[in-house]
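Asker: Pulled these features from Swiss-Prot for this protein:
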type: ACT_SITE; residues: Lys8; note: active site
type: BINDING; residues: Pro91, Val92, Ala93, Ala94, Gly95, Leu96, Ala97, Gly98, Gly99, Ser100, Ala101; note: ATP binding site
type: ACT_SITE; residues: Asp133; note: active site
Amino acid sequence: MNVKAYAKVNISLDVIGKREDGYHLLKMIMQSINLYDVLDIRIIDEGIKITSNRRNIPTNDKNIAYRAAKLFMDTYKIDKGISIHINKRIPVAAGLAGGSADGAAVLKAMRDIFKKDVSDEELINLGVKIGADIPFCIVGGTAFCEGIGEKITKLRSMNGKIIVLVKPDFGVSTKMVYTEYDKCLDVKHPDSEGLVKAVNNGHFKFVVNNMVNVLENVTAVKYKEINEIKEKALEYNSIGTMMSGSGPTVFSFFDNTKEAEKYFYEMKKEYNKVFITRTV
């Protein structure tokens, strides 16, 4: 079975507290985009076999897809094995939920392959054990996510919007960013409820004008390239630009393909990982 695992961007990201176990409590609007990994998932006699087109992708339990497969097999007493080939297109350590997207795709595919009568809600409760972005990746589309990411409210679709992604040539540790965020003072927070209302009313201009990601207070301060990329996007008439997740990828919305392509080709001169895509 071939399945697509879609990346995401954060239209807003706010940290509102911290649980006793150390996980941060969040309010986020998340959006799927048409940049995806392709997973070829097949039944084998036993075990979990992971392969990939990329050498730097782990093939053991450090891989979220591996952990998702094991959790599903243990939970539903699967007596067969599974092989997963990951054709990786989503950049890693980028703030795009590349690993979580793969984990979510594995859970959904295994539900179908092994014909298990399991709801999305049950998969979400499983998935959150191994990755806070997995619940959203199971649901996809446009959604408001709360808790540590497991409380999902579907929003009106914002599909078809043109986005250019620029990932600087370094990765960022999510754990490091959240640890450093705890030391931040005087943080500007997004109007999460106002943004949710705007999304549901189709007020896209309000949405792009009011995007806030509080984690920029860490990543964009540590890496000056993030603000440089955002400034360049605005020079090329982006209608809204922000860092996704813990970074370092910057996504920028454009009104039309022509302007997006100008910016795309300009950024390709400097960065290896630049993509034109759309929201889905």
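Even glycines carry a Cβ here, placed using N, Cα and C.
Describe the structural context of these features.
Answerer: The Cβ of Lys8 (active site) has Met30, Gln31, Ser32, Ile33, Leu96, Ala97, Ala101, Asp133, Phe136, Cys137, Ser244, Gly245 as same-chain neighbours under 8 Å, each 6 or more residues away in sequence.
Ala93 (ATP binding site) carries neither a helix nor a strand DSSP state and counts as coil.
According to DSSP, Asp133 (active site) is assigned to coil rather than to any helix or strand.
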Asker: Are there any residues in the same chain, six or more apart in sequence, whose C-beta is under 8 angstroms from the C-beta of Pro91 (ATP binding site), and if so which?
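Answerer: Residues satisfying the criterion: Gly98, Lys167, Thr249, Lys273.
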Asker: Which number gives the other C-beta atoms within 10 angstroms of the C-beta of Gly95 (ATP binding site), all protein chains shown included?
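Answerer: That number is 30.
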